[in-house]
Structure formats: structure tokens, C-alpha cells
Amino acid sequence: MAKPADVSVDSPALDTERPPEQQGLPAGVTNAAVWADERLGLASLLKKNLRKVFPDHWSFLLGEIALYSFIILLLTGVFLTIWFKPSMAEIEYQGTYQLMRGLPMSEAFASTLALSFDVRGGLLVRQIHHWAAMLFVASMTVHMLRIFFTGAFRKPRELNWLIGVGLFSLSLIEGFAGYSLPDDLLSGTGLRFVDGLIRSIPLIGTWAEFFIFNGEFPGDLVIPRLYMVHILLVPAVLLGLIAAHLALVVYHKHTQYPGAGRKDGNVVGYPLFPVYMAKAGGFFFVVFGVAILMGATMQINPVWNFGPYNPAQVTAGSQPDWYMGWVEGAIRIMPNWEWHLGSTTWSWNVVLPGVGLMTALFVLLGAYPFIERWITGDTAEHHVLERPRNNPTRTAIGVAGITCYGMFWLSGGNDILATQFKLSLNAVTEFMRVAVFVAPVIAFIVTKRICISLQRADAERVLHGSETGIIERSPDGGYSEPHRPISIDEKFTLTQHVQGKALEATPDTDGHGVAEKGAGVSSLRALASRWFYAGVIAKPTKDEIAEADHHADGHDADGHEVKAGKSESAGQISH
Amino acid sequence: MRFLTAKRRHRAARPALLVLALLLMGALYAAVAPAARVSADTGNSQQVAEGKALFQVTCSSCHGMNGEGTSQGPSLVGVGAAAANFQVSTGRMPMANPGAQAPRKQNTYTDEEIAALAAFVASLGPGPAIPTEDQYSGEGLSPDELAKGGELFRTNCSACHNFEGAGGALPNGKYAPSLVGVSGQRIWEAMRTGPQQMPVFSSGALPDEDVRAIVGYLDTLHAQPSSGIAFGGLGPVAEGLFAWIIGIGGICLIAVWIAAKGARAR
């Protein structure tokens, strides 16, 4: 993953020579450009920014997916607002869909049915909007993971990381509000779930519920309110944060993967215009195309099958959209802990896994760059990304986090797991109760070991070159595999990273036995730092590489002999 | 006729003739033989006797020689012909192995055998009889009645069977089966007799016209087209899975392709 993208051989070469002096643009274009420049001062702005250089890697496009799905959501959302009626007024349905004929329902649900069955293209746009919403949050998640695993959140990008966490949390609220608007049986059940979350907040829960729902659930105001949140409040904040997010990317300049010629002080890549203009523009259409294809061929949220919301009804398979599934899962597997103190109820069974877990995720995400900085004492600016293996503890923390999230996520579908894989629902639930704690620990250990092994493999590759896969037999019967030295560029890529050192605790007293004051390294911090750097393989030093090079030069076909008597699987290689 | 004459000593001629003769005999038998009786007529003592004989061979090891029940299986006194018909014709009984719940499987009994078994079980005590078509048929209902059937389904059934009858999980390995492709007669019998984990919906709670409305609703629901690939009607879990696999997975593949198609500096 962390290798810089290979550029295919048949790609067109970018001509860096200055083209011969041209006759200039047609007068009309020039005049218009001059007119605009004299009034808006665009020329200097564009000149600077159109030549802005961005590095090239597929994983840098993950955030773009989020941006483009947001644009798709705005476009399709505008269409939907034209037809949707955010009203909880009860009417008797007399529309086109025969299986709902004469049923009492809210205007919101009736207008969703009309949107789906009577408005030309309405169902398609609804499905595109919903799929794009799933893609929006999913692409934010993978983008965030890319940032995390490559250490792109380090100085100077901590604030942009925080903006990203804010975008992620707001997108969950935005998604949930949208999920609730159609007022079908599923969205009403989801709303009831959130109603329970709000009520579970100790002491103020009931008041908070009455405040949000304007009285008892479901009331008749929550959909207009969520509509406001969904189409105005959250999108406006999202837009502002996205603008800030992108402005900071431009200001900080984009990070780049390590490679020959890439340093913290430069950016190796291509200019925005024309290369990234074309790539990003094309990618926008690709994302839009995928969203349309999904909307056209894959059914999502068939509200006409769910029926109108009725608090007396519920359906098996009631789940939120995927991004809230982990909270659903946490509540599904939580033991039934509840206190009754005086006249108050403390629903730990809901408030801990629901409110508590969501808070914990966002606090941990937001705090991580600062925690890591505290542990490592790394105050340097970083513009070259870290390969995940070169920071094994961070990578292991990330994978443990993904595993924990995944376990909660699976728990959210425990009934689907039970029916689809012929398991016992109780067994799945009880397994998950243990797995959410144990699986992340296993994942942490395994990931850390894999990273360290990869570091070892890197060192091996730098010192001994790459295996040729050719086994040679010598006249006296020994077998050996010649190794081919790797390129100097690859050696650089594999060894360019700076290996941090664990912090040492500053002694409590100075040399004269007088207590030290002020900013030192506490023993706790030193302990955390030792843990963070434990097990790291020291990268080959300059001398080791020079010696290995010399060694390879001396033996033309560098014979790494496998001793005939030893088993080959042991891989014992001697020089 | 020259063709037949020429080929009469062909290798395949004798087997072909044999097959033809068998087909002819079969067709003749089907036309001439009396139609099979499939009703469980409790007054027909011969049918009851046949049913009892069959019962003692295939059912009694769990339900007792006279259907009185054992530690392995419940008493069948008073469950009615409808219960026996439902359990055996869906293959749930006889149970292949004791598990959390008897699964639906291939039924190996003929209609007459099932009718005989049902007649025998009905003779043990009064219970719901096998319904006639006017009790369960979902045909010929008005849109309002179908809509009411949907409302009844969502009120009484969807909590276990899912919003479109795709089935759902119950505790300890039990489950509510899918209702897709289940006939109205089976649905009527299941509602009245409460097989496995299902509660009984008596005619006092849901009269026959309500059952007909539910059957009609399900038939119409399952016959209508979906707006794209429906992923088994399992709801948001399946949608989320495919948003990740097809959506994010597909777009990432394209991203890799776009990143690889770069311009090289000369």
C-alpha cells in the first residue's frame, strides 16, 4: 500500500519543453480574460494555484470520493426537496400504490410514495441519493483510515484531522436525519431507537426527549425538525468544514509517500492543471456514474415494503444504515444493567453502549494525534508519509480499533448472521460480548508482529537484495539462490524513515539531590514511550549497507548457499 | 413408414419401444384410474386405520403409539388435521434429527398418506380441520382489503417474519422461516395451529377473511417487481454490505487505475 504508485509504461510522456511561441488566443478570449482579471484579479491567483503540485497515489483519491458523493448528495437532494413534504399530518392514502390504499399515514410518507411511484425519475434519484449517502460515509471512513495508518495527521495537520473527525461525526447525524425523514416503519423504528438513547441520558433524559420531540414520542414535530437539520443546518456546517478542510490541504500542501527525491521540504508530483484537473474531473464522473449505476440496478430502502410508521408495529431485520450499525450492535449485546435510585432510572444498558460508545469513539479519534505526540515527543513537521510497518504500534492500534468496531458492527446484524449462517442468535450475542474485548487484543498483537516481520524483511532486502527465484547447484552438490541487488532508489525508500527513540524519564532530582521542577518527562510518559517503540527493528545503518554492497560486488553471482543437509523449509541461509 | 422399417433393427429401437409402451401405459392408467382422495375425512374409518398404521411406523417413536406424546415429542390429541397436514406436507415432520426447530424439507409422503395421517390425528380429538380454499384464498380481493392485509401483516407477523416475509431470527437457534412461495393453505394452517415457535392466531383473533387478506397481501407483494437487485429483502445490513463491496470496492479499483495512468515527466 505504501509504495508510490507505479506509472504505467504506456502512459503519455508529459512534455516539459517549452512549446514554440504561439500566435496567442483569439482576441475574444483574451479580451474576456483581461476584463475578468482587471476586476477580479484572477490571473495571479490562478497562475499560482493552477500550477500547484500534487503527488500521485490511488489512496489520495479516497477523500475525493467523499467530496464527490457529497456533491451528488447536494444535486439529488435538491431534486428530492422539490417533492418531499416534511409533515407529520395524518392523511388517508389514496395514491397510486395499491397495497397502501386507504391506510392512514403521514404526509411525509405519502409524499415519499408519490416521489417513488408518480414523479418521473423520482425513485431513481431517491436510490442514487441513498446509495451516495452510504458511499459518502464509507469513503470518509476509508479516507480517515488512510490518514491514520500513514501518519498524515502529524504536525502540522492535527487541526485538519480534527476538522475531519468533525465532518465524520456530522455526517452520521446527517445520515441518520435523512434515514428518518420518509417516516416508514424502518425509519420510525430507528427514530424510536434514538429516542431511547436520548432518554437513557441520566437525569435529564426525559427532558431532553421532550425538548427534541416536543412532547412524547413520536409527536408531530420531529420530522419537520429533522428536515431542517438534514437539508439546512448540517449541510451548511459540512460545507463550511469541507471548505476549511480543503483550504488547509492547499495551505499545508499534500503529503507524499516516501521515495527517491521526496522530502519533507518538497512535493513531487504533477500540477493541478492540466493533470489533476483531468484526473479529478474524470474521477468525479466515475463516482457519479457508479452512484447512478447502483441507484439504477440495486434496490435500497424500499419504503413501500416497510409501510407507514406505526408505533404498534415492528419488523425483523430492523437495522440502521451501516454507519450506525456499530451502535446498534453495542446495544444489542449489552447486558441488562439498570439502576433505580429514588425516583430516577439509570439505564446503563443503553447509555453506556449508545451515548458512551459514540462519545468514546469521537473523543479517541480527536485526541489520538495529541496522545501519540505526547508518547513519542515528536515535534517535527512531517510531509512525507510513514509506511504503516514503520510505526508498528500505531498500525496495531489502528487495526485493533477496526477490529473492535467490526465486532460491534457484526453484533448489529446478529439476527441476520443467525439466519444466514444457521447460527443461534444467543450464541452470536454471547460470542460478541467476549469478542469486542478479546479480538482487538489479538488483532493488536498479530498486527504488531506482522509489521515487525515486514521491517525485518525490508532490512533483509536492503542488505541482501531481492531473491531471484533461481536455484543453482554447485559442482560439489550444494544448492544456492543468487540474490540480485535492489536499486538505489528502492534502498532509499526502504531506509529513509527516521526511527524514533523511546523517551527517557527525567530524574526527579538533579545531580545535587534537589527536586526538579518544570517540564520533564514523567515516568508514566517514559513507560508509554517504551511500550510504543517496543520491538522495532533497527533499520540498516549506512555502514551495514556499504558492507553488504561490497559483499555483493565481491561475489558476482552472490551465492547464498543452502546447506545440503538442512531442511529447506527452515530457510537457513549462510554466506 | 420406410423409415421405421429401415430402422427396426437399430440398436436403440427396442429400448425406445419399451419407453413408448411404458408412457402409453402410464397415460392410460392416469386417465382410467380413480382420482386420489386427499381429504381427511374423519368419518372414514378405513382412512383412519390406514393413517394409524402409518403413524405407528413413522411417527410413534416420538409421539407415542396413539399420539399421546412422549418425552421426545408432544401429544397430538386435539392438534387437528390442519396441524398434521401442515407439518408433514412441508416436510417438517417426521423430524430428521432433534434440533432447535424442525426445518422445512422435502416431503416424501404422498397426498393420500398425508390425508390418512391427518385423518388419524383428527380422530384423536377435536382440532382445526384442513381448510377449504374459500378460507385461505387470497384471490379476488379489493385493493382496500389487500392494504388492510398489509397492515395486519405488519401488526401481527412482521416482527418475526420480516417486513416482506423474508424470515427472521428467534432465540437459541430458532427462526421464523421465509414466507416467500408459501401457499395460502400453509399460512392458514400455521396461523391456526401454531407450529414450532409460532403462536396460534385463532379465528376469534383473526377471522378467515383477515387470513385471506394477509395471504392476498403477501402474494401481491411477492409478485410485484423490485426496483433493482433486492438482496433477499433483508434490509439495511445487506444494503450496507453491498455499498462497501460494490460501491467502495469498485470505486477503489477505478482509483488504482486512474492513479496508474499518470503522465511521466520526460
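Every residue, even glycine, has its Cβ placed from backbone N, Cα and C.
Keep in mind that this is a model prediction, so the values were computed, not measured.
Pulled from TrEMBL, these are the features on record:
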- B:CYS59, B:CYS62, B:HIS63: heme c 1 binding site (BINDING)
- B:CYS157, B:CYS160, B:HIS161: heme c 2 binding site (BINDING)
- B:46-125: domain 'Cytochrome c' (DOMAIN)
- B:144-222: domain 'Cytochrome c' (DOMAIN)
- B:1-30: signal peptide (SIGNAL)
- B:241-260: transmembrane segment (TRANSMEM)
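Proximity to chain A, defined as a C-beta distance under 8 Å, is registered for the following binding-site residues out of B:CYS59, B:CYS62, B:CYS160, B:HIS161: B:CYS160, B:HIS161. Within the same chain, residues 231 sit at least 6 positions outside the transmembrane segment (B:241-260) and bring their C-beta atoms closer than 8 Å to a C-beta of that stretch. Counting in whole angstrom, B:CYS160 (heme c 2 binding site) lies 28 from B:HIS63 (heme c 1 binding site) by their C-alpha atoms. Cα separation, B:HIS161 (heme c 2 binding site) to B:CYS59 (heme c 1 binding site), rounded: 29 Å. For the binding-site residues listed here (B:CYS62, B:CYS160), the lowest count of other CB atoms within 10 A around the CB belongs to B:CYS62. Long-range neighbours of B:CYS157 (heme c 2 binding site) (same chain, six or more residues apart, CB within less than 8 Å of its CB): B:GLY165, B:LEU179, B:ILE214. Counting residues of the domain 'Cytochrome c' (B:46-125) by DSSP class, helix then strand then coil, yields 41 helix, 0 strand, 39 coil. According to DSSP, B:HIS161 (heme c 2 binding site) sits within a helical segment. Within 8 Å of the Cβ centroid of the heme c 1 site, not counting the listed residues B:CYS59, B:CYS62, B:HIS63, the chain contributes B:PHE55, B:THR58, B:SER60, B:SER61, B:GLY64, B:GLY67, B:THR70, B:GLN72, B:GLY73, B:LEU76, B:MET93, B:PRO94. Across the range of the domain 'Cytochrome c' (B:144-222), the DSSP-based residue counts are 42 helix, 4 strand, 33 coil. Averaged across the domain 'Cytochrome c' (B:144-222), pLDDT in this predicted model comes to 93. Around the Cβ of B:HIS161 (heme c 2 binding site), the number of neighbouring Cβ atoms within 10 Å comes to 24. Contacts of B:HIS63 (heme c 1 binding site) defined by a Cβ separation under 8 A and a same-chain sequence distance of 6+ are given as B:PHE55, B:GLY69, B:THR70, B:GLY73, B:PRO74, B:SER75, B:LEU76, in order along the sequence.
Of all Cβ atoms in the protein chains displayed, 24 besides its own lie within 10 Å of the Cβ of B:CYS59 (heme c 1 binding site).
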